[in-house]
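For 49, 262, the entry in TrEMBL reads active site. As annotated by TrEMBL, active site, nucleophile applies to 52. According to TrEMBL, the feature site 'Linear diubiquitin binding' maps to 237.
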């Protein structure tokens with residue numbers, strides 16, 4: 001059994017263990033970790049399956065949540081699967097984790113349950129006042145495999161909903177963020193239906209999130225995802241923001257990646273950074 005989120009470890013100690021050699025790559029990684037260590041004291045490793053971008057982002061969001069996001073409060077939030085299905089028949093081909101071939105009537109109810117679970121967990125954790133208790137609640141949630149993967153299904157469905165909104169906005173001549181053009185400029189996702197078939201249905205099974213899908217995740221959650229991309233150390237892409245022109249009032253979560261495929265999380269902000 002693998003832990004979803006490992007206990008924290010000193011960032012530089014972790015770096016020395018992982019990057020011992022004297023290759024240019026190892027030197028760059030060490031420099032990158034040194035830069036992160038200016039801001040954060042520890043790192044927590046994230047379990048490396050194809051859900052790691054979801055896991056790292058959601059864990060960070062929940063562990064610092066102090067209120068329920070606006071979009072989670074809306075009345076019709078849990079009606080999303082029914083509403084979308086009434087307009088888009090192709091959503092019947094949505095691929096549920098470990099449940100291929102389910103009929104969409106059942107899938108609609110199931111996704112609704114996942115959305116309700118997401119709202120409930122977010123609400124419960126955000127109401128915990130003490131930082132230690134909050135951390136314990138997050139650790140406990142990410143040890144419950146059934147619940148954890150249900151939350152990722154909810155996130156995937158929210159990404160699909162966001163993609164549909166952006167696609168329709170663009171088609172009706174409204175302004176959309178640049179990443180939305182890039183998302184639908186791919187041969188494999190020229191519309192939301194293709195995006196679902198060729199990308200979202202595969203996340204967690206045969207692949208993780210691509211760069212452009214990190215933007216979509218950020219928009220779906222209305223969070224800014226700040227990523228230290230260690231292999232880009234000393235370039236202007238070392239710290240990348242998704243989206244790169246975030247809304248003022250979006251909370252920020254921070255992740256670390258060595259290769260844009262696997263994500264870990266930095267924790268414990270250094271005191272001087274906080275001041």
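Positions of Cβ are set from backbone N, Cα and C atoms, glycine also.
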Spatially, which candidate from the recorded positions 49, 52, 237 is nearest to residue 262 (active site), comparing Cα atoms?
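Nearest by Cα distance to residue 262 (active site): 52.
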Counting across all protein chains present, how many other Cβ atoms fall within 10 Å of the Cβ of residue 262 (active site)?
18
At the level of the C-alpha atoms, what whole-angstrom distance separates residue 49 (active site) and residue 237 (site 'Linear diubiquitin binding')?
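About 25 Å separates the two Cα atoms.
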So if I draw a 10 Å sphere around the Cβ of residue 52 (active site, nucleophile), how many other Cβ atoms end up inside it?
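Taking every protein chain into account, the count is 22.
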Work out how many Å separate residue 52 (active site, nucleophile) and residue 237 (site 'Linear diubiquitin binding') at their Cα atoms, rounded off.
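Between the Cα atoms of residue 52 (active site, nucleophile) and residue 237 (site 'Linear diubiquitin binding'), the distance comes to 21 Å.
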Who sits close to residue 237 (site 'Linear diubiquitin binding'): which same-chain residues at least 6 apart have their Cβ under 8 Å from its Cβ?
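In sequence order, the residues whose Cβ lies under 8 Å from that of residue 237 (site 'Linear diubiquitin binding') (at least 6 apart) are 229.
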